[in-house]
Amino acid sequence: MSIAWSSVFKRELRLERFLPRVYSTKVPDNAPRAADNEQWLETLRPITHPEQKKSDHDVSYTRHINVPLGEVTSVNYLQRYNKHKHSQGNFVDVRIVKCKSGAGGSGAVSFFRDAGRSIGPPDGGDGGAGGSVYIQAVAGLGSLAKMKTTYTAEDGEAGAARQLDGMRGRDVLIQVPVGTVVKWCLPPQKVRELVEREMRKDNNATLRSILGSTAVNLSVSSGSHRKKIQLYRHEMAESWLFKDKAKEYHENKDWFKDLHKKMEAYDHSLEQSELFNDQFPLAGLDLNQPMTKPVCLLKGGQGGLGNMHFLTNLIRNPRFSKPGRNGLEQHFLFELKSIADLGLIGLPNAGKSTILNKISNAKPKIGHWQFTTLSPTIGTVSLGFGQDVFTVADIPGIIQGASLDKGMGLEFLRHIERSNGWVFVLDLSNKNPLNDLQLLIEEVGTLEKVKTKNILIVCNKVDIDAEKSESFAKYLQVEKFSKSQEWDCVPISALREENIDVLKKKMFKCARQSEFDK
């Protein structure tokens, strides 16, 4: 189990230890006697009342922070402003999904009846808990294309007579490819409204500048080294459900006022446990390994109490019950980040796809026009029978101004963020390949970011103008710069398969550089 997941599961264990402190005592099980109910209701007195702002029972202190709009949305969902929206086949690597957990079922108001008496003791059962939304990373999936736009767990069923509890709502399980990162996000409609507002203020503003400069205020839990976004459920419309006799009748009775005061404390404890549970990491969940156990995204609401719990020596015929707690509705951004040892980076038509085709089992689309590659392609490279293998990802070409929202390559950098090394592919037939390399470095995040990776420079198309001294001079310029950065450099012709074996060995070394350094 990875460190990230162990922290998630440890948090669930802490929640289990916390719940007894919140409730102080357990709600009596089915068929409670009046004495059992009175004992339980009496223990609610010490629990903090909602009027008090903070106490030992408050489990979630929050504070507010501002984050850029771009961190809580995806440019792919701003279709009107995303000039290079694209797709290829069934490959989808970004989805925004609305998830909703189920509400708890309401407690029942019912009385035991038999032939000897028309009305007996209360026997209304509790409502069932609402279904929860779970997520699990599984091997064998390679795209987010089959994800739905909405996942809704079932509400819990209402309680019934004869102390029958309602059925629990059915859970929802979302299965995603390994390498998926899940982040909380704003609803797409809300984001579009914010972008349109900023566009009206400044017609020259770019989408990327708006996403970077517009602030979104979030409530986050404090007291932890990992910030968590505090999620909130809708407030309960009613705290009681009445049958036969109206709300106004009960509110005028002293015995009900006393009961209501105690149950306010009970409701407050439920709210506190919800606040503790309804949190999501600000940095998101990185599902970089197959999971044997799913993790809960949104927990369903707790079922309401039936009237059997309100039988006391003073209250003989409770014609009321508690409603189920609300579920939770949120939007999440799913981003697939492919897991490959190396990533190919280059200008459009530099020959990346041809290289991948020659060195691996992948069959990417190859053409003589820009943006032939419209989605990432991953190939597996073998150095020979029985020898080591490594994986290589090819992403769309990057053009000048990509960091200013031009082209399409930067949208796919997520697929090589995890890679141990980056392979920059240069077209040696271009006028100035060294300038091309420096442009690529600048567009993907400057030299400082590039230096965090193992780097290999590949000069492709050496067969073109091979007889001219200018071609060799251009290669020497690139090689000199590469050596100054302590990067390896190799000339090849992918089309003619020249120097391909040398390239594969150097790529393997780049992918496993840490092993060679030992």
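Heads up, residue numbers simply count up from 1 along the chain you see.
Cβ atoms here come from the backbone N, Cα and C positions, even for glycine.
These features come from Swiss-Prot:
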type: TRANSIT; residues: 1-23; note: transit peptide
type: DOMAIN; residues: 89-339; note: domain 'Obg'
type: DOMAIN; residues: 340-512; note: domain 'OBG-type G'
type: BINDING; residues: 346-353, 394-398, 460-463; note: GTP binding site
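What Swiss-Prot annotates, mapped onto the structure for a quick look.
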residue : record           : Cβ within 10 Å
Gly346  : GTP binding site : 27
Asn349  : GTP binding site : 20
Lys352  : GTP binding site : 31
Ile395  : GTP binding site : 25
Ile398  : GTP binding site : 24
Val462  : GTP binding site : 21
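Secondary structure from DSSP puts Val462 (GTP binding site) in coil. Confidence annotation: the domain 'Obg' (89-339) carries a mean pLDDT of 93 in the model.
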